[in-house]
Amino acid sequence: MPLPTVQTRVDGPMMPVSRQSTRRRHSSNSLEGQRGSLQTTKETLHGDLSVRDRIHHFTLAWFTCTMSTGGIALLLSQTPHRFHGLQAIGDIVLILDIVLFLLFCSLLAARFTLFPQTMRSCLTHPTESLFIPTFWISIVNIFSNIQQYGVPHTGYWLVVTLRVLFWLYAALTLCIATGQYYFLFTGKPLTVQNMTPQWILPIFPIMLCGTLASLISPSQPSSQALPILIAGISFQGLGMLIAVFMYGPYISRLMTSGLPNPNTRPGMFIAVGPPSFTGLALLGISNDLGRIYPSYTSISGVSDPAIIPDVFRILAVAVAVFLWATAFWFFSISLVSTLAGALGMQGMSFHLVWWSFGKLYSHPILLFSAITSESSDPGSSIGACLHISVGSSAPQLLNSPLRFRKAYTNSIVFPNVGFTIVTIELGSALMSEGVLWLGSVMTVLLVVIWLFVGGMHIRAVLKGDILWPGKDEDHDQ
């Protein structure tokens with residue numbers, strides 16, 4: 001006699017419609033690469049993956065590490081209160097950044113060679129493809145650091161090289177920004193409920209042309225510096241305006257759908273970047289206009305060309321001040337939200353994005369290590385999200401072993417590099433020693449966070465929390 005089929009419910013008892021809770025919950029929909037379902041094979045359970053298999057899961061998100069490391073090197077070159085040996089430390093960080101960048105490029109090439117199908121999938125995957133800009137931001141950081149650390153000690157040939165690289169970078173990143181947004185516009189439909197600051201990422205590389213222009217223009221001849229500065233302020237304005245257009249849906253999403261999942265809240269620091277880097281670019285560009293106007297050229301309709309640099313400088317400082325305040329507000333919201341998630345019962349886990357966008361002050365965060373997960377609505381978001389059923393199976397989950405997992409750690413560093421440098425530049429412009437000391441304190445804190453995230457990154461690799469099936473941005477490839 002066959003045994004009867006027994007069906008069990010895993011989503012808990014049904015609640016009466018009239019008794020539904022109106023308490024706001026955090027949203028679990030996000031573009032910020034989530035975990036997919038972990039395939040519980042013998043290899044994944046017992047840690048028997050080969051190096052080849054781990055390279056299979058080396059994704060573009062790793063470039064958030066080089067993006068942040070290059071930002072730290074740039075920050076060290078701008079710090080106002082210096083000590084003997086700081087320049088050497090900056091040189092070491094820059095060399096480390098270049099070595100890591102070349103290593104990551106080699107590992108990515110090895111992945112594409114060993115697994116040819118992953119090349120197309122990583123460029124079209126709705127989660128991993130969003131990290132394409134981190135590759136280009138890593139490049140612009142290297143260019144900026146070459147200007148800061150290399151040009152003062154080399155010949156004119158490096159000045160010419162940087163000029164050529166600037167125009168190549170501007171052309172390529174404009175194509176990237178256009179193509180990637182076209183992909184987003186023609187892909188799966190998105191909703192405001194799924195909005196995250198990561199939608200701004202594709203415009204970041206071209207926006208940073210303004211910052212790069214402000215750094216390299218002082219070493220260029222006036223005839224070459226002027227078009228570089230015009231291109232820089234044009235692309236900086238493009239990036240800032242696109243970010244402003246994104247801020248409206250983002251704040252609307254926070255008001256109507258609540259905060260993102262705690263694991264993805266460090267990604268909120270992305271919103272700090274555009275106003276910070278725009279203020280930085282305006283201040284840097286205004287510093288160099290004095291040698292161009294009026295000695296080299298002028299602007300039609302201006303009766304006294306000598307006032308052009310002064311007028312632009314005044315406007316740049318004023319605009320930079322309110323952009324700094326905007327960045328500070330986004331930083332405050334992101335910090336409070338992230339700390340609330342880290343200190344809450346659910347906790348947070350380690351992701352590569354912690355490198356990218358912000359400062360996070362938190363403690364080690366634990367997450368469930370081996371659970372069965374499924375997406376409740378895989379078509380509703382570009383990034384497949386990890387959803388944990390906590391109905392009748394909640395006691396079993398609460399008794400599961402705990403361990404670290406990769407979370408959005410890279411969102412902890414990069415945008416606040418811009419926030420810190422623009423603070424330093426404003427201190428110089430306003431001749432405020434207090435603001436300059438604030439910038440120095442922020443520099444120290446950011447370096448400490450960078451070291452902490454680097455240690456957590458290495459730990460995650462050794463423990464198999466990243467470079468592992470189901471745990472990276474390629475979770476469903």
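Cβ from N, Cα, C; glycine included.
As given in TrEMBL:
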REGION    1-37  region 'Disordered'
COMPBIAS  28-37  compositional bias 'Polar residues'
TRANSMEM  55-76  transmembrane segment
TRANSMEM  88-110  transmembrane segment
TRANSMEM  130-146  transmembrane segment
TRANSMEM  158-179  transmembrane segment
TRANSMEM  199-216  transmembrane segment
TRANSMEM  228-248  transmembrane segment
TRANSMEM  268-290  transmembrane segment
TRANSMEM  311-331  transmembrane segment
TRANSMEM  407-429  transmembrane segment
TRANSMEM  435-453  transmembrane segment
Run the contact check on the transmembrane segment (55-76) against the transmembrane segment (435-453): 3 or more C-beta pairs under 8 Å, excluding pairs closer than 6 in sequence.
yes
Should anything in the same chain at least six residues away from the transmembrane segment (228-248) have a Cβ under 8 Å from its Cβ atoms, list it; otherwise answer none.
163, 166-167, 170, 174, 195, 197, 199-200, 203-204, 206-214, 216-217, 220, 271, 273-275, 277-278, 281-282, 285, 288-289, 292
Segment-segment contact (the transmembrane segment (130-146); the transmembrane segment (199-216)) at 3 or more Cβ pairs under 8 Å:
yes
